[in-house]
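S.K.: Dropping the structure in here first, questions after.
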Amino acid sequence: PLMKIINHSFIDLPAPSNISAWWNFGSLLGVCLIIQILTGLFLAMHYTSDTLTAFSSVAHICRDVNYGWLIRNLHANGASMFFMCLFLHVGRGIYYGSYLYKETWNIGVILMLTVMATAFVGYVLPWGQMSFWGATVITNLLSAIPYIGNTLVEWI
């Protein structure tokens, strides 16, 4: 049954004759996501989430863990590659009119917003100066929301 699913999903999948390289970005997003998950798991094994020791745990990963510097750089550059593929994927969707399929497009927009929120959390995790001020700016943007903005900033 597993081989049948793989065969049906990858090998016998019908493809239009006018397909171009622009249609590869969905698959590249999947590859980037797998790389992000794997490197993120390896980094999480050595990361400390306390605000006092988060930055030094990242330094420990880069200096003391075998190939930690490589895994961290793969993770950081993988995030940039993921977003490049994401924006090209969305651009291709706009160019080819994929927004006409409203349900699929709306799910894609929700996924993109979720990925952006997840990337922001990942940006804040090292808790260096850039992370701190990035978090300060983004959370203070929420204060512009009428009535609930300040309460939301305090809650976050």
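Cβ coordinates are placed from backbone N, Cα and C, and glycine is handled just like the others.
Feature table excerpt (TrEMBL):
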- 1-156: domain 'Cytochrome b/b6 N-terminal region profile' (DOMAIN)
- 21-47: transmembrane segment (TRANSMEM)
- 74-95: transmembrane segment (TRANSMEM)
- 107-125: transmembrane segment (TRANSMEM)
- 131-153: transmembrane segment (TRANSMEM)
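Explain the structural surroundings of these features, please.
M.R.: In the predicted model, the domain 'Cytochrome b/b6 N-terminal region profile' (1-156) shows an average pLDDT of 93.
Using a Cβ-Cβ cut-off under 8 Å and counting only residues 6 or more beyond its ends in the same chain, the transmembrane segment (21-47) has close neighbours at 54, 57-58, 60-61, 65, 68, 71-72, 74-75, 78-79, 81-82, 85-86, 88-89, 92, 95-96, 122, 125.
Long-range contacts of the transmembrane segment (74-95) within the same chain, counting only residues at least 6 positions beyond its ends with a Cβ under 8 Å from a Cβ of the stretch, are 22-23, 25-26, 28-29, 32-33, 35-36, 39-40, 43, 105, 108, 112, 115, 119, 122.
Beyond its flanks by at least six residues, the transmembrane segment (131-153) meets 120, 123-125 of its own chain at Cβ-Cβ distances under 8 Å.
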